[in-house]
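First the structure, in the form of structure tokens, and then the observations on it.
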Ligand code: 5AD
Ligand code: SF4
């Protein structure tokens, strides 16, 4: 199927992790630079980019059904939309997508999307193209500069992963670890701040493995990068995600106590509380070493909120081993968490391990785990009641005069600013956390400015 002409409008649909959200934003900027405009809300786009995720179940099936839906809507509207499949499913199953879905004009991997403009030109001539080349070195330099930013921005500093956890597809889809150069990151952060960012979340599949050299040739880790970025007076908040417990060094722990702009929040996936399961997962930590590490972070920053990722039903996981995960959860008291049923990923070692756990057992374990995690999240939010803190205003709420933002601990806070006057998106206001709900906190405005 040949899309009739060069596309005039685009839509990028990103699935999965924050790194995909970042890539989706960069793709959108690049398409805009080519003179292709974002499709108005509710209207079909000439070019649809599906920026896919391959981390768990049925990702590829979802892509095929999305492709079917987009082509059908196009047919009904009398046009043939150009469809691009990007992201990790593109990387993992590019050839198969091309063979199975003739409506797809191009397949482009996460390290190759800077070459999309020439693929679009080809597609307009009816030529289909696949580009899943790695690595990423040329990509960032080829992308346009940042010109627009929400108050809270993402900045990818590192890509790929060398850890090879036995369940995980990331080392195969995103490739080996690559750190972006220090000067490029300082420059992009500056541009984001000039474009309206007040908070930057540093991103990487294994973000704390970032390493670089400053302008004097000194080797830096992520702690050094955080300290350098914190020097910009207009950047108010810094966060980072996602880390592996093995790459958290003393300098980074100290940074949490020393750099006020580094928010008191740490997402540190543990996956399981059972040492036997952790070993089978090829995680290089034990439950105890993880807990000790958290103690060191908490000693540096006592009000640190903790978040984690969990997998239930890894091959061979027994009831007793699952209960060790529940005990670890009880010991930590997470402020937030993500929990998943194990999903065999083609090509990973765990997919062919014996003793795959039955789906109904996984369902039941996930429910029990989530009950514990929800209990702790609620307790954490309840314990915040009465605190006064800064809130970064991100958008208007549903009600007249209502605003929504984030506390330092990444809680969603809504508050009434109708009588305050002069509040704008991107402001940092002072609010009292008055009442905790299941997913957000009602705040009361104390001052229109930071404390
Ligand atoms: N099955 C289930 N969950 C997975 N994750 C990664 N791979 C899998 C898988 N095969 C989860 C891990 C990781 C998060 C991003 O996704 O918890 O930390
Ligand atoms: Fe996957 Fe994270 Fe393990 Fe890397 S550290 S293999 S991204 S789960």
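Every residue, even glycine, has its Cβ placed from backbone N, Cα and C.
What TrEMBL records for this protein:
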DOMAIN    8-125  domain 'MTTase N-terminal'
BINDING   17, 53, 88  [4Fe-4S] cluster 1 binding site
DOMAIN    147-379  domain 'Radical SAM core'
BINDING   161, 165, 168  [4Fe-4S] cluster 2 binding site
DOMAIN    382-447  domain 'TRAM'
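There are 21 other Cβ atoms within 10 Å of the Cβ belonging to residue 165 ([4Fe-4S] cluster 2 binding site). Highlighted in sequence order, 163, 164, 167, 169, 170, 171, 205 have their Cβ within 8 Å of the centre of the Cβ atoms of 161, 165, 168, the residues recorded for [4Fe-4S] cluster 2, and are not part of that set.
Only 168 of the binding-site residues listed as 53, 88, 161, 165, 168 bring a Cβ under 6 Å of any atom of ligand 1; the order follows the sequence.
Note: the Cα of residue 17 ([4Fe-4S] cluster 1 binding site) and the Cα of residue 168 ([4Fe-4S] cluster 2 binding site) are spaced 14 Å from each other. Those residues of the chain, other than 17, 53, 88, with a C-beta within 8 angstroms of the mean position of the [4Fe-4S] cluster 1 site C-beta atoms are 15, 16, 19, 20, 52, 54, 55, 59, 87, 173. Counting every protein chain shown, the Cβ of residue 168 ([4Fe-4S] cluster 2 binding site) has 21 other Cβ atoms within 10 Å. A distance of 17 Å separates the Cα atom of residue 165 ([4Fe-4S] cluster 2 binding site) from that of residue 53 ([4Fe-4S] cluster 1 binding site). In this structure the alpha carbons, written CA, of residue 161 ([4Fe-4S] cluster 2 binding site) and residue 88 ([4Fe-4S] cluster 1 binding site) are 13 Å apart. The most densely surrounded of the binding-site residues 17, 53, 161 is 161 (count of other Cβ atoms within 10 A of its Cβ). Reported as a whole number, the C-alpha separation between residue 88 ([4Fe-4S] cluster 1 binding site) and residue 168 ([4Fe-4S] cluster 2 binding site) equals 12 Å.
For ligand 2, the nearby binding-site residues are 161, 168; that is, of 17, 53, 88, 161, 168, these have a C-beta under 6 Å from one of its atoms.
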